[in-house]
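What follows is one structure encoded as structure tokens, with my remarks underneath.
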Amino acid sequence: MSTAAEPASYDPKIVESQAQAFWEARRAFEVDERSDKPKYYCLSMLPYPSGALHMGHVRNYTIGDVISRYKRMTGHNVLQPMGWDAFGLPAENAAIKNRTAPAKWTYANIEHMRSQLKSLGYAIDWSREFATCRPEYYVHEQRMFTRLLRKGLAYRKNSVVNWDPVDQTVLANEQVIDGRGWRSGALVEKREIPQWFLRITDYAQELLDGLDNLPGWPDAVKTMQRNWIGRSEGLEIQFNVEGHEPLTVFTTRPDTLMGVTFVSIAGEHPLALKAAAANPALAAFLEELKHGGVSEAELETQEKRGMDTGLRAVHPITGDKVPVWVANFVLMGYGTGAVMAVPGHDQRDFEFATKYALPIQQVIALKSPRNDDEKTYDPTTWRDWYGDKTRDDLELVNSGEFDGLDYRGAFEALAERFERKGQGQRRVNYRLRDWGVSRQRYWGCPIPVIYCDSCGAVPVPDSDLPVVLPENVTLDGVKSPIKADPEWRKTKCPQCGGAAERETDTFDTFMESSWYYARYTSPGAKDMVDKRGNYWLPVDQYIGGIEHAILHLMYFRFYHKLLRDARLVDSDEPATNLLTQGMVIAETFYRDNADGSKDWINPADVDIQRDDKARVVGATLKADGQPVRIGAVEKMSKSKNNGVDPQSMVDKFGADTVRLFSMFAAPPEQSLEWNEAGVEGMARFLRRLWTQVQKHVADGAAPALDVASLTAEQKAVRRKTHETIDKVGNDYGKRHSFNTAIAAVMELSNALGKFDDASPQGRAVRQEALESAVLLLNPITPHASHALWQALGHAETLIEDVAFPQVDAAALVRDSVTLAVQVNGKLRGTIEVAADAPRDQVEALAKAEPNTAKFLEGLAIRKVIVVPGKIVNIVAG
Ligand code: ANZ
Ligand code: ZN
């Protein structure tokens, strides 16, 4: 007998805490390698423990969780781990501000953020969790580094840092504000100090080629990586210099050789230094150049400046003498630090020559100019085609024996000639630089090196690792506590036993995030990773922000090759598929201050008025009821104070609703606009589905489905169920199109709302539809699905172990189809025909359709076109 009690209403707090307690007690998401299912490793980029989750985290981890849970439902052994990228500068800043130790602050944040993640119900194998600031993690990194040092893949060289002369400390780029130290306000200087590097350039070509084997990575990311690696094919050519050693230039445009009118060298080039020894004005200029910026971006934008060295170089073909200039845009660290200047065809040289009145010579012309602009070479105005080597309608002019050749032809001819004469050679250069891994900061992994006066830099022996970073310290904001503490530094040389000192620099935090994915596979392994790594790796799906497209993802790929070459893993790439999720954006609100500045107001403190299309038309401050101004929709950020706190949303609506909205509001790669009206819509949908299930089960168990006995309406609902299963499976599995998957389940729920058949088979059809809806939503709303699955009569089977629903192909077959009937292209009526009706029957029915028949009266039928399943068009006249 059925009880007519009010169905239980949806209370996400209860439903979610019950489901989470259930998963925790069952260790439902702990996995290992002993499985006969195919493995699936789904990894989201690990968070920095900044204090609280932000919406970007929620979006990232929800995408990962939906994919993980879907893969589990489709029969995979799914690993989804989580950890903490725990070293880094913010901890030092917070420590100074709050008078606590960075370690303490970090661990407290981890505790808090872990509980936040748990409240979102992610299917994470928490037994594998780690924080990268723990010695049991970084000991492996230290051992790997000493290994690389012995192999010659790590080395030390001088490199430029920002130096604060008042605080006597090195500053990170973000601590330099308008050229001044963030604390002292002193003008920052450039200083050269010895630093450690990893030879990523040895892997440049492999990192480039590997991109061709990553069809599962977004093209945009691959393009950025290709540009960052920046492979250039060119020639090194020697120019003799009167009274000095020959000078070697690197050029990618040997075809322009006959247009060289001077040579430019970097300020640090040895030849410049030699020339400066006898030329005080030049020496002063070189000194001045040292104070300029060092980044490539700065060099691109700064004004071109230079000075004649007085030296003369001899053109290798004509024997003409050309001046050698120092130019501020020539980098010592690229190519040879010397450039054959071709102001006729290189824009930077053009600007430089114009400024210093150096000669400009055209050597490339268009074979078939399309307009006046292209017809004549004008040395007073730069045109894009002057420097374009990709056009295939260019030829050499004013180049003697090389006239008429194109870029390729000239390249080959000159390469051949110089190689034969020993005056030059082909050469490939990469823009990619070696990875500088030293940081002069405290809160990082200590670099395991000892300096001895007699033995030099000695790696710390494995048996003495880890070199542990002291955690219980006080920060004064100026000096790293391990640099300030002479006791920490003091040690014995592992080679000669003499007194020695430890390295006090720590690693760049990109070091920890370069191999964490491998560590997750092998908890407790003696080395970084053990043979379990080969079971799980490569990562099947990696998910994270596009802001990591270049550095992190490059180091991550590089490190995988280091692991491979250390025989720790046997694959070449760390991740097969990459998804870069879009930003989370939100409205901004502000009031103008008297001084013209703006006071940004958090959306949580604002009441928003909307029109019937949900557009914001007005806003008032909750505190005073007075209007506030509406700004642009922008990325959630501290500076615009438009971050929406995920915790407050979870508290208010429940995790499932937050997850549902994050997946519904936009496709994963696009930006997602957070708006509470949308969140409320998702809450309503979940409540309706909840009520539908509760109402349905209140009438007792449904009988078994008897497919053969269904009425047309029952069949139609069942068809809708299976069409939805089909679509959602595709959307999850093939397209990562979660928003359309949700929309499809909503449609199914709508269709059920209109289906009030209470007969036994009607209830059986509804049972199947509701079970399907609950299963299809399970990856996104796992708590509600967990509860509803039990409510639907599955007390023994766990939804976490139930397979994704299968499409019943028979259910998709339509018994009858509706066809539109047109006369001469105009719609005149519709007919119902059997899905497999023969053509002549369809034609006959169409002609007989009453309205159609009326329009055909008195006309001769010339042709009947039948588009099966869609229309019948009768051509008559
Ligand atoms: C002559 C020339 C003519 C050049 C022309 C370009 C256009 P990528 O493609 O980035 O490898 N170059 C070489 N070394 C440099 C350095 N250390 N600092 C600044 N510029 C340098 O660029 C290679 C080109 O950049 C080289 O080819 C050289 O200028 C310049 F119509 O040589 B070219
Ligand atoms: Zn020694």
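Each position is counted from 1, following the chain as shown.
Cβ coordinates come from backbone N, Cα and C, glycine included.
What TrEMBL records for 44-176 is domain 'Methionyl/Leucyl tRNA synthetase'.
Annotation comment: TrEMBL describes 47-57 as motif ''HIGH' region'. Panel annotation: around the motif ''HIGH' region' (47-57), residues 84-86, 88, 90, 94, 106, 109-110, 112-113, 116-117, 131, 545, 583-584, 636, 643-647, 662, 674 of the same chain, lying at least six beyond its termini, place a Cβ under 8 Å from a Cβ of the stretch.
Look at TrEMBL and you will find 226-418 tagged as domain 'Leucyl-tRNA synthetase editing'.
Restricting the average to the domain 'Aminoacyl-tRNA synthetase class Ia' (432-587) gives a pLDDT of 96. Sequence annotations record features per position, and here TrEMBL assigns domain 'Aminoacyl-tRNA synthetase class Ia' to 432-587 (among others).
Annotation source TrEMBL lists domain 'Aminoacyl-tRNA synthetase class Ia' at 634-672 (among others).
Across the motif ''KMSKS' region' (635-639), the DSSP tally of helix, strand and coil residues reads 0 helix, 1 strand, 4 coil. TrEMBL lists 635-639 with the feature motif ''KMSKS' region'.
The feature ATP binding site is assigned by TrEMBL to Lys638. A simple way to gauge crowding: the CB of Lys638 (ATP binding site) has 9 other CB atoms within 10 angstroms, across all the protein chains here.
Summarised by DSSP class, the composition of the domain 'Methionyl/Valyl/Leucyl/Isoleucyl-tRNA synthetase anticodon-binding' (715-840) is 74 helix, 17 strand, 35 coil. Taken from TrEMBL, the feature domain 'Methionyl/Valyl/Leucyl/Isoleucyl-tRNA synthetase anticodon-binding' applies to 715-840.
Beyond its flanks by at least six residues, the motif ''KMSKS' region' (635-639) meets 54-56, 583-586, 600, 671, 674 of its own chain at Cβ-Cβ distances under 8 Å. For the domain 'Aminoacyl-tRNA synthetase class Ia' (634-672), the most Cβ-contacting stretch among 44-176, 432-587, 715-840 is 44-176 (pairs under 8 Å). Remark: secondary structure over the motif ''HIGH' region' (47-57) totals 3 helix, 0 strand, 8 coil, with classes taken from DSSP.
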